[in-house]
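The structure appears right after this line, and notes come after that.
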Amino acid sequence: MGQPGNGSAFLLAPNGSHAPDHDVTQERDEAWVVGMGIVMSLIVLAIVFGNVLVITAIAKFERLQTVTNYFITSLACADLVMGLAVVPFGAAHILMKMWTFGNFWCEFWTSIDVLCVTASIETLCVIAVDRYFAITSPFKYQSLLTKNKARVIILMVWIVSGLTSFLPIQMHWYRATHQEAINCYAKETCCDFFTNQAYAIASSIVSFYVPLVIMVFVYSRVFQEAKRQLQKIDKSEGRFHAQNLSQVEQDGRTGHGLRRSSKFCLKEHKALKTLGIIMGTFTLCWLPFFIVNIVHVIQDNLIPKEVYILLNWVGYVNSGFNPLIYCRSPDFRIAFQELLCLRRSSLKACGNGYSSNSNGNTGEQSGYHLEQEKENKLLCEDLPGTEDFVGHQGTVPSDNIDSQGRSCSTNDSLL
């Protein structure tokens, strides 16, 4: 987001006004510009490359095209737009110590900045709600949230984000009335984001704090449910081993099925942890900035401008973190390796997804996901009237597991 005050005048550059030698000062300034230019270029490259990789992986491999990963795609698009249309111009603003793109692009650039942050936090909020229904109502989940409904939700997120970001800025509702702000608005070379108090507080609440509170509340409920289900798994396994040891010895398949059931459940909870890391990282990166954003308009001189800009860039850097976090998922990790030609014959884009295995043979129905489609396997179920996870024989497609079992939703590729 834009810098408050005369941000382009200092922008964390070394203060050479007290240097005794002009040449030394100039050399320091040039070294600072080169160093910061390299760092900012690497940040832009990481954001763009990582999120293009995520979007391409989901688009290419059908196994990754789940409802949750549709929302992940929306999140990656917001980060990609941030890396292409926001961060480079912010870097140029800092390095050139002035704005060279005109008043129109200044406001448009600021609007895109607010749009990306708002779309990201709202998408994370939607993901939290998605996981809540997936783990608490798996029988209804697939009919409740289809891929078409997910597309509509994503569209609504971007429409709402666009209205809350572009409308107030393009209509100039954000503008402050003090003389320094008026002078900046009139100058083509000034793009410091002076705002009035009402806009700063209202936009922070609507675009960040409300979605954040919803996200934290819902995801805390999700983790409570996940913890309860893990305790149920432990109890069920203990009861199984205590009461049915002789049956297991007669039919090893039953024991293997229960172990596999628990494995699927644990993978679902690992997916929840991955999404929790994504949400936590976003919160840690952006919360300090939004706190300072409100404090700044209430007490102008309390927060140094350097701190404001630094926290703004911490938020920018968050856009490059998510692709690294997705590497926790074997699905994404294998897909990334395939796209980067680091893994030979390990993935295959096909009509029903892709297959993966440890020996590198494509097309084989092995690998940890396609095992779910074998005959006579046991699923985790929380059937009405029972407190245990019980076995169920038959062939069940992997895409339907989350509608068959209480706590084993494998429709999430962040496993």
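Cβ atoms here come from the backbone N, Cα and C positions, even for glycine.
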Query raised in the report: Among the residues ASN6, ASN411, which does Swiss-Prot list with the feature N-linked glycosylation site?
Result: ASN6
Query raised in the report: Under Swiss-Prot's topological domain names, is VAL222 on the same membrane side as ASP331?
Result: yes
Query raised in the report: Do you know which of CYS77, CYS106, CYS285 Swiss-Prot records in a disulfide with CYS191?
Result: CYS106
**Report entry** Range annotated as motif 'PDZ-binding' - as stated in Swiss-Prot, picked from 168-171, 300-303, 316-319, 412-415
**Finding:** 412-415
Report summary line: Feature N-linked glycosylation site (Swiss-Prot), candidate list ASN15, ASN244, assigned to ASN15
Query raised in the report: Want to know which recorded positions, from TYR141, CYS184, CYS190, are within 10 Å of CYS106 (disulfide bond) at Cα; which are they?
Result: CYS190
Report summary line: Around the Cβ of CYS191 (disulfide bond), other Cβ atoms within 10 Å, all chains included, total 26
**Report entry** Candidate nearest TYR141 (phosphotyrosine) in space, where candidates are the disulfide-bonded residues CYS184, CYS190, CYS191 and distance is Cα-Cα
**Finding:** CYS191
Report task. Note down the number of other Cβ atoms within 10 Å of the Cβ of CYS184 (disulfide bond), including every protein chain shown. Result -> 23
Report task. Look up CYS190 (disulfide bond) in the DSSP assignment and report helix, strand or coil. Result -> coil
Report summary line: Taking only the CA atoms, the spacing between CYS191 (disulfide bond) and CYS184 (disulfide bond), expressed in whole angstrom, is 7
